[in-house]
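Encoded as structure tokens, the structure appears first; notes follow it.
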Amino acid sequence: MAGSCTIDEHNHFGPIVGDACYGGLDFTLYFEEAFLSIFPAATLILAATVRCFLVRSASLKVRGGWLHTLKLLLLAPYSISQLLLLAFWMRSGTPKTDLTIASTVLRFIATLPCGYLIHLQHHRSLRPSKIISIYFLLTLLFDIPLARTIWTIQGLRTVSAIFIAGTVVKALLLILETWEKRRLVRPMYASPAPEDWTGVINRSLFWWINPLLFRGARTSLSVGDLFHLESCMLPDPDGKHRVVMHWENVTNKDKAGAMVVPIAKAFKWDLLAGVFPRLCQSGFIISQPFLVRATVELFVYRDRPDSRSKATLLIGAYALVYGGIAIATATAQHKTYRVITMMRAALVDMIFEKSTAINAHKNDDSAALTLMSTDIERITHCGRYIHDTWASLIEIGIALYLLYNELDTAGIAPIIIAFGCTVTAMKIAMMAGERQNLWIEAIQKRVAITAEMLGSMKGVKISGLTDLLFNKIQALREHEILASQKFRSLLIAVVGLSNFNTLMTPIVSFTIYAMGSGDAPNEILGSARALTSLTLFNLFAVFIGTLVESISETAMALECLDRIRNYLAQEAHQDPREVNSSPVTEKTPCIEAFEVDVGWKNGDESILHRLSYRIERHSLTMIVGAVGCGKTTLVKAMLGEVNCLTGKMKVNCDRMAYCGQDAWLTNGSIRENILGGSPYDPPWYSTVVAACGLEKDFTELTAGDQTAVGSKGVSLSGGQKQRLGSLDVLTRAQALARALYSGVETILLDDALSGLDPVTDEHIFTQVLGPNGLARKQHLTVVMVTHAVHRLPYADHIIALNTDGTILVQGTFDDCCKRLDYIQGFAIAQPPAIQMKSAMPKAVEVTKAAPYSDEAISDARRSSDYQTYLYYLTTVPWHNWLVYFGLMAIFVFLQAFPTVWVTWWARDNDAQPNKNRSMRIGVYWMFGVLGACFLLATACFYMLKIVAKTASVIHSRLLRTVVNAPMSFFASTDSGTTLNRFSQDLELIDMELPLAVLQTCLALFLCVAQLIIIAVSARYITATIPLCVLVYCIIGTFYMRTSRQLRIMEIEAKSPLFSNFMELLNGLITIRAFNWAEQYKLRNRALLAESQRPYYLLYAVQRWLSLVLDMTVAGFVLVLMGIAVGTMHSTNASSLGLALVNVVSLSASVKALITDWTVLETSLGAVTRVKHFAESTESEDMVQERDLPPEDWTSRGTVEYKNVSAFYRDPSKPVLKNLSFRVHKGEKVAIVGRSGSGKSTLVSALFRMIELCEGTISVDGIDITTLRRQAIRSAIIGLPQDPLLLEGSTIRENVDPFDYCPDEAVINTLKRVGLWEILESKDGLETIASPELFSHGQKQLLCMAKAMLRHGNIIVFDEATSGVDPETDEMMQELIRSCFAQHTVLTVTHRLDTIIDYDRVLVMDNGILLESDPPRTLLSRPSVFRELYKSSRGWEEYERQERAEAEARRRERVEKERAEEELRGRRGLISEKEEPETVSAIREHWNVVNQLFGGIIPRAVPRTRSRSRDHSAERRESKRYSGGDWTGEGDGDGGDGGLGRRDTRRHLTGLAARGLH
């Protein structure tokens, strides 16, 4: 009642006022003025002064406007109200305390810096003032009890009225101060991030996230709908992040844990920002036992006159505590996840930046990818315990103190059990880190071979390795699962420890207390003591569980941080060259080497020795040598990628264009690959395109140069890949198109033109590298590793390497010919005349098309979670889930029911002390022991049985989907996206999903059990439980519509990030050559910034859910207390206490449910992606393709195409058109044509890698469209263009993957291909395959050895010899002739000189079969093949041999005629009787001559004819042969035992090709 108290009752500290004022339910005015007025005002004065000093120098960001004016106008009446209060307080006779004047003066003084700060903050900050907002908010709450107290004191009616008026004005000021200033901001400072605008109240209540939630609930979200983030959560644009700077200052980077200090220093203020809300959270949580005790005591003594007033205040206290828990928990967690997001941005950027500077030959792609995915995610996952670790220690200490007050020495039991759990958890954590590393290493090995398979899918299918690789990768997955089970067994122990404390602590403590207590009312275990202790035990269990889990998670995070530290601490790449980027003269050489020894690292044996050479500016230098002699190493030395052990290499240019041996493309359009980030210059672009022979390809492609080439160019032919990808600007192997367009003056080509057809090769060489090519016109310096030795006359300088790694000879072509006679066999004396209209290509108009657009957002983002759950559940039989849920239900009952048991026990003690004590204790122990047993049984059954099965099945489904996908899928899908499913998605499914499912089920079952206990204990609340459940369902449904999309978008946003990272790792040498590292860093930061948006916003909406559900619990508690107070006289105190104890537990369970559910839904996003991928990816296997071929299939070796037309994607646009031909057993057939003519497509149809729209392909008379595709590929031996080497596998596994042959046969085969000497010095067949083990040509020989060991009678070479030197090519051709003499051979090739002795040639153009005849037949008449052959390096040799043979035949005829004339002159001397013997002797003489000349003389018997020479016959004979074909009897097999023409040609060709070697 107003005016019922005197000032004397308030003029002391109190804090509680006497019973005369509200029955003692109030604080004293003295206490309130000290803590609710003076302390806030003094704090504001100090904080506002400091803030004004800091912000006054900031730039003006916001205009004044009405908001600024109104705030200052309202501040004036507020200041006046404080002056009026001071005036009234200072009047004599006005009741006041000793602190009243000081309090009022400080409140008035606080308005001065407050006003100035409002002015500064409005103009110089985008956000509302945090200091002003917090002060106004807190003092508004404090003014409520102050106004109430002043109102009750006699003689202060006017003061109270003024005070209330000032409070109202303060409320208006708070509204204005928190008002956003978005429309008043100057344009140059406008920020799209909503958190840059929102004030502290908005952010604490998460109002800023509501627009995103409403939009996500209504429609599908796109990337444009996502909020932008503050700059602090994005990677630093310059890469100078705070973590980087602190890391650079670390002296001992090899020390374990060295990464922790830089992170702590970099984010110290962000970490400290979460301390205060976490302390508030702890304070509010610890307040719950006091509320329970006060409530139980209130209802025990409900008949007191002040009970109703106390009950009302108690409801307010519940509102304050549970509302505070909701806001403080959400705020503390939000601050934590902000730090996690910042840490992720910094670490990913650091790993990427380090990857640009690492040594290329040491670069482990799988290890770096694992750091980017698994380790980063594990660190961020464990980062949520940043504040929980230290806060749990504080909470545990307070809880133990309160338990000691309740149970005396029995309160010691929890600390003993807790200590045991903690020590055990620490030991487990130490073991967990080691086992986790073993698991991650297993993941790394599986991901590495999966990435390799995805990057070589065409070769995998052609080689028939699909099933083998599926089994191998699945076996690695099973090994990985076994490794994970060792780690998961420790997780089970951690879960057991977390719940062991919950089960056993109250049992032990209550047993000790009950056994030692007497029968006095203040000693027994009564309701108030028992229920308060139960509340404390529940909280203590939560604190211990959090501490134990945080210790384990922190240990795992530290292990991952150490792995990142090891990577960052690696020695960076050091350029051993002397690079001079300053201007130079025309006479300054581009590259100089002086007695250089080259090796991979210091201390190793050198690979190249005593190199001295000089690459002149604007010259063409060609490097030649035998396979494995070090040509590629020499080029890498010029690039600075290989160490110069001795000597000096000087480079007078800062950028080089490098083109490696393998065609390498980014997943972008053709134009993007050529431009590489350079501005688009249409005339120059068209000129470059024409020079590289791409204009025809553009016209044949529907989208022109906007066609997406796919990962590694799988959608292009081998030749198209080489001409596009080998000059790729962005990521893959660079080649001429990119190099020319980029303007780099020095180009290094490592056998970049291999694999092109002769016409295209001639075109590119002439237009780019020829005497009048673009390189000459643009004054470029070109260094070219080549096997096309017929090009040597064009070189300004030649470097020939010896097999021992030294320079055999160098100089001009003429110099080399003089110094080494056999080099003359490499090329003709003069370059051939090149039939071109113009040496400088005419610019062409490039086809334009709509730009390639990404696929729209998948419907899977909004798909039903029910389907995802069902998909996951169906991975194991249903009875396993029934057993699991049954075990879980029993355990939850054994954990929840003991609280009811203790309540019954306490109620008995209230009525009769220590009644049935032994029985109560015994049953209590039974519940605890059984609960522990069922917990372990539940965890073991799920983690070791169900999880292992689901992991295996999901990976098997995913892998089977990928290996069965058609080639069109790999052409249109980025390999990084697919690999993301095997790394990121499976990581979530393996690491986070199992524990999330276990803990979510546990929390859900506990929530249900606690709600049942609450309903039974407080009967009137039962009616509100359905409403509460309904509210939960509505909130959950509303939340899930957005979070489901965000979690999918978060995973999808990582795919381009990983793709960019893979491109960096694969093209590291190229990127460094072009000095494009910075460009890639910027792209990574842009992709990382985009990835951060869904990542952070998902956390934000999860915190929104946490806040809303905690607020719902607060509302539920208030309803419960309201009903209890309304029915106070009919409510049992112990039953209400039991309900409140379970409310406390329910609050913890809801928090656990939220935390675990958010992890679960994030993990389920990965399951959704796998499910959608498996269901939406088309399989190449058709329904009718189920038959298996007979065991002797391909034994006849016949292949027949009948009217075959085939397509890639669109049946209306066939790429093969009406092909018909038949190949007989043992026949050698070559397939030729220009690049893109359909050669590889023809054999792809045989391997069923493209679809037939009409016609049939038969092998041994069986239509292959009825057979399983893998069976076809396993039966037909295939060698793809790119050698397939399974890195990480042994040589034996690579050479004999099907394990057909014994070791001896494998070794003999390796000896035949010349590779055993390399392996014998290592580990033999057990040598682990690695990139640096073999050169490109040696890898192809290894694949040839694999083909030699395969079973089958049909072998297909798909440009298998395109990238090897002539000697290796000759070796492979000899192996084909000897080892596959009885096989049917189909060879796709551009090297036409190697197939002259084939039985037949198929000439392709634009998918049409133009010609099909023996090669000599086609050469003998005008034909497309003849024109192609004219452009090959064998044409001049062919013509020379033909002329030589024709001349030999002419001389033989002349000799024959002369002999005949001599014979006719002697006939008169020979009698008829002797004539037959003479003729016989002459025949024998000519047979000997015939053998000496290789069987080229017709087997004709000399007969009598006139002495006059038959010149007409000689002319006819010469004409018969001049076409390039011999039609006499002796042209085929070499006559009577003589050497055949093929053998002669092969012998001569081999001698020419082996010149240097």
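Glycine is no exception: its Cβ is also placed from the backbone N, Cα and C atoms.
Annotation source Swiss-Prot lists domain 'ABC transporter 2' at 1199-1431.
Taken from Swiss-Prot, the feature N-linked glycosylation site applies to N202 (among others). Neighbour density for N202 (N-linked glycosylation site): within 10 A of its CB lie 20 other CB atoms from the protein chains shown.
Taken residue by residue with DSSP, N249 (N-linked glycosylation site) is part of neither helix nor strand, so it is coil. Under a cutoff of 8 A between CB atoms, and with a sequence separation of 6+ in the same chain, the neighbours of N249 (N-linked glycosylation site) are P262. Here Swiss-Prot flags N249 (among others) as N-linked glycosylation site.
If you look up Swiss-Prot, you'll see N667 (among others) marked as N-linked glycosylation site, on the strength of sequence analysis.
Sequence annotations record features per position, and here Swiss-Prot assigns N-linked glycosylation site to N916 (among others) based on sequence analysis. In the three-state DSSP scheme, N916 (N-linked glycosylation site) falls into the coil class.
Taking all protein chains in view, 17 other C-beta atoms sit within 10 angstroms of the C-beta of N1132 (N-linked glycosylation site). Under the three-state DSSP scheme, N1132 (N-linked glycosylation site) falls in the coil class. The N-linked glycosylation site feature in Swiss-Prot is assigned to N1132 (among others).
The Cβ of N1203 (N-linked glycosylation site) has 12 other Cβ atoms within 10 Å, all protein chains considered. Taken residue by residue with DSSP, N1203 (N-linked glycosylation site) is part of a strand. The N-linked glycosylation site annotation in Swiss-Prot covers N1203 (among others).
N1218 (N-linked glycosylation site) carries a strand DSSP state (E or B). The Cβ of N1218 (N-linked glycosylation site) lies under 8 Å from the Cβ of N1203, V1204, S1205, G1255, I1408, each of which sits 6+ residues away along the same chain. Positions annotated as N-linked glycosylation site by Swiss-Prot: N1218 (among others).
Sequence annotations record features per position, and here Swiss-Prot assigns region 'Disordered' to 1439-1464 (among others).
For 1503-1557 (among others), the entry in Swiss-Prot reads region 'Disordered'.
The annotation transmembrane segment is assigned in Swiss-Prot to 27-47 (among others) on the grounds of sequence analysis.
Through the fold, the transmembrane segment (70-90) approaches residues 96, 100-101, 104-105, 107-108, 111, 114-115, 118-119, 122, 158-159, 162-163, 165-166, 169-170, 172-173, 176-177 of its own chain, all at least 6 residues removed from its boundaries and within a Cβ separation under 8 Å. Residues or ranges marked as transmembrane segment by Swiss-Prot on the basis of sequence analysis: 70-90 (among others).
Feature annotation from Swiss-Prot assigns transmembrane segment to 99-119 (among others). Residues 29-30, 33-34, 37-38, 41-42, 44-45, 48-49, 51-52, 55, 68, 71-72, 75, 78-79, 82-83, 85-86, 89-90, 129, 131-132, 135, 177 of the same chain lie 6+ residues outside the transmembrane segment (99-119) yet bring a C-beta within less than 8 angstroms of a C-beta in it.
Per Swiss-Prot, the feature transmembrane segment maps to 131-151 (among others).
Look at Swiss-Prot and you will find 256-276 (among others) tagged as transmembrane segment, backed by sequence analysis. Within its own chain, the transmembrane segment (256-276) is flanked in space by residues 232, 241-243, 245-247, 249-250, 332, 335-336, 338-339, 342-343, 346, 386-387, 558, 561-562, 564-565, 568-569, which lie at least six positions past its ends and keep a Cβ under 8 Å from the stretch.
As annotated by Swiss-Prot, transmembrane segment applies to 412-432 (among others), with the evidence given as sequence analysis. For the transmembrane segment (412-432), the residues of the chain that approach it from at least six positions outside its boundaries are 396, 399-400, 403-404, 487, 490-491, 493-494, 497-498, 500-501, 504-505, 508-509, 512, 537, 540, 544, 547-548, 551-552, 554-556, judged by C-beta separation under 8 angstroms.
Sequence-distant contacts of N916 (N-linked glycosylation site), defined as residues of its own chain at least six apart whose C-beta falls under 8 angstroms from its C-beta, comprise W905, D908.
Of the candidate ranges 131-151, 1105-1125, 1135-1155, 1135-1155 contributes the most Cβ pairs within a distance under 8 Å of the transmembrane segment (996-1016).
Using a Cβ-Cβ cut-off under 8 Å and counting only residues 6 or more beyond its ends in the same chain, the transmembrane segment (1135-1155) has close neighbours at 288-289, 291-292, 295-296, 299, 322, 325, 329, 384, 527-528, 531, 534-535, 538-539, 542, 896, 899-900, 903, 999-1000, 1002-1004, 1006-1007, 1010-1011, 1013-1014, 1017-1018, 1021, 1102, 1105-1106, 1109-1110, 1113, 1116-1117, 1120, 1124. Through the fold, the transmembrane segment (1020-1040) approaches residues 213, 217, 865, 1011, 1014, 1101, 1104-1105, 1108-1109, 1112, 1116, 1119-1120, 1123-1124, 1127, 1139, 1161 of its own chain, all at least 6 residues removed from its boundaries and within a Cβ separation under 8 Å. Across the fold, the C-alpha of N1132 (N-linked glycosylation site) and the C-alpha of N202 (N-linked glycosylation site) stand 41 Å from each other.
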